[in-house]
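Asks: If you scroll down you'll find the structure; I have some questions about it.
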Amino acid sequence: MEIIRAKTAGFCFGVRRAVETVYKQLEKNGGENTGIYTFGPIIHNEEVVKDMEKKGVRVLRTEEELKQLEKGTVIIRSHGVAEQVYREMEANGLEIIDATCPFVKKIHNIVKKESGEGKHIVIIGNPDHPEVEGIRGWAGADVTVVQTPEEAEKFSAGEGKKVCIVSQTTFNYNKFKELVEILSKKSYDVSVLNTICNATKERQTEARSIAEEVDAMIVIGDKHSSNTQKLFEICQNACKDTYYIQTLDDLDLNQLGSVETVGITAGASTPNNIIEEVQNNVRIIF
Ligand code: SF4
């Protein structure tokens, strides 16, 4: 059996940076937790989060929990947070370590500036995704999240209002284009900023081209990771035998019995050791 592993599988720059920030902070504290918190899981990967929790890093899951915290160091994850969250942490006297990915930070800055200039902000993305919630929190009152063609059709801004469109970094590029086309047909003065991260595009393009070649495709990543879900969608369209697994335990190796080529890719929050474990086991068994 031939195995093709995507070169772009695994941690992207922003996720690696955020994970390293937590471990560096732990090291600084002598490997012991002395009040280190992350606001939300640092990445969408249960294995990594569990390891950090074992070392004493606590995850604050809601803004309420954050508001009640009076002491400690809070690490902001790569998805970023709304402006108001910084204000709340500052008000509580917490130490803030900002691991927001610079590509996401760039969107915050764009949204704040364009919104300040009176534009209606359209964020193309999943409204429930923390990154989108964070971006939203840098805009003023005129902000709309658009995820589907129906929502794009329905969109309306105030009379004479200029519109600025940005995207969630992990959004599918073709869907982004489709939604921008619908929005551009409306008679607004529209500026479009494609803020999809290159890491995502490259990962999606490579995954598609591998999936088109192989008999079966394995996509590794946490079930809650939006970029992994999208990778799975793309691979499944190109190869019907596509399996979405979190770790090796989820893979039924019997299913791969009769195939000759297997492709492997992984979401941006999948650690290398998990990818290697899957790759090695597929190789050993076949
Ligand atoms: S996918 Fe891109 S924007 Fe998102 S964390 Fe990774 S490098 Fe940053």
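Using N, Cα and C of the backbone, Cβ positions are placed for all residues, glycine too.
Feature list, courtesy of TrEMBL:
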ACT_SITE  Glu131  active site, proton donor
BINDING   Cys12, Cys101, Cys197  [4Fe-4S] cluster binding site
BINDING   His44, His79, His129, Thr169, Ser225, Ser226, Asn227, Ser269  (2E)-4-hydroxy-3-methylbut-2-enyl diphosphate binding site
BINDING   His44, His79, His129, Ser225, Ser226, Asn227, Ser269  dimethylallyl diphosphate binding site
BINDING   His44, His79, His129, Ser225, Ser226, Asn227, Ser269  isopentenyl diphosphate binding site
Asks: So for the residue listed as 'active site, proton donor', how many other CB atoms are inside 10 Å of its CB?
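Replies: A 10 Å sphere around the Cβ of the residue listed as 'active site, proton donor' contains 24 other Cβ atoms.
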Asks: Between the Cα atoms of Ser225 ((2E)-4-hydroxy-3-methylbut-2-enyl diphosphate binding site) and the residue listed as 'active site, proton donor', what distance do you get, rounded to the nearest Å?
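Replies: Cα to Cα, Ser225 ((2E)-4-hydroxy-3-methylbut-2-enyl diphosphate binding site) and the residue listed as 'active site, proton donor' are separated by 12 Å.
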Asks: Can you give me the same-chain residues 6 or more apart in sequence from Asn227 ((2E)-4-hydroxy-3-methylbut-2-enyl diphosphate binding site) with a CB-CB distance under 8 Å?
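Replies: Looking at Cβ-Cβ distances below 8 Å from Asn227 ((2E)-4-hydroxy-3-methylbut-2-enyl diphosphate binding site), excluding near sequence neighbours, one finds Thr170, Thr200, Arg203, Gly221, Gly267, Ala268, Ser269.
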Asks: Should we count any of the recorded positions His44, His129, Glu131, Cys197, Ser225, Ser269 as near ligand 1, judged by a CB under 6 A from one of its atoms, and which?
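Replies: List returned for ligand 1: Cys197.
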Asks: Give me the non-local Cβ neighbours of Cys12 ([4Fe-4S] cluster binding site): same chain, 6+ apart in sequence, Cβ-Cβ under 8 Å, ordered along the sequence.
Replies: Cys197, Ala199, Thr200, Arg203, Ala268
Asks: Please give the greatest C-alpha separation between any two of the isopentenyl diphosphate-binding residues His44, His79, His129, Ser225, Ser226, Asn227, Ser269, in angstrom, as a whole number.
Replies: 15
Asks: Beyond the listed site residues His44, His79, His129, Thr169, Ser225, Ser226, Asn227, Ser269, identify every same-chain residue whose Cβ lies within 8 Å of the center of their Cβ atoms for the (2E)-4-hydroxy-3-methylbut-2-enyl diphosphate site.
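Replies: After dropping the recorded site residues, what remains is Glu131, Thr170, Thr228, Gly267, Ala268.
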Asks: Can you tell me the CA-to-CA distance separating His44 ((2E)-4-hydroxy-3-methylbut-2-enyl diphosphate binding site) and Cys101 ([4Fe-4S] cluster binding site), as a whole number of Å?
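Replies: Cα-Cα, rounded: 14 Å.
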Asks: Among the binding-site residues listed here (His44, His79), identify the one with the smallest other-Cβ count within 10 Å.
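Replies: Candidates: the binding-site residues His44, His79. Fewest Cβ atoms within 10 Å: His44.
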Asks: Which of the binding-site residues His79, Cys101, Ser226 has its Cα nearest to the Cα of Glu131 (active site, proton donor)?
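Replies: Nearest by Cα distance to Glu131 (active site, proton donor): His79.
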Asks: Determine the Cβ neighbour count for Thr169 ((2E)-4-hydroxy-3-methylbut-2-enyl diphosphate binding site): the number of other Cβ atoms within 10 Å of its Cβ.
Replies: 30
Asks: Taking 8 Å from the centroid of the Cβ atoms of Cys12, Cys101, Cys197 as the cut-off, which other residues in that chain fall inside it around the [4Fe-4S] cluster site?
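Replies: For the [4Fe-4S] cluster site, the extra neighbours are Phe13, Gly14, Val15, Ser78, Phe103, Val104, Thr169, Thr170, Ala199, Thr200, Ala268.
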Asks: Cα distance, Cys101 ([4Fe-4S] cluster binding site) to Ser226 ((2E)-4-hydroxy-3-methylbut-2-enyl diphosphate binding site), nearest Å?
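Replies: Here the two Cα atoms are 16 Å apart.
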Asks: Report, in whole Å, the straight Cα-to-Cα distance of Cys101 ([4Fe-4S] cluster binding site) from His79 ((2E)-4-hydroxy-3-methylbut-2-enyl diphosphate binding site).
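Replies: Answer for this pair: 7 Å between alpha carbons.
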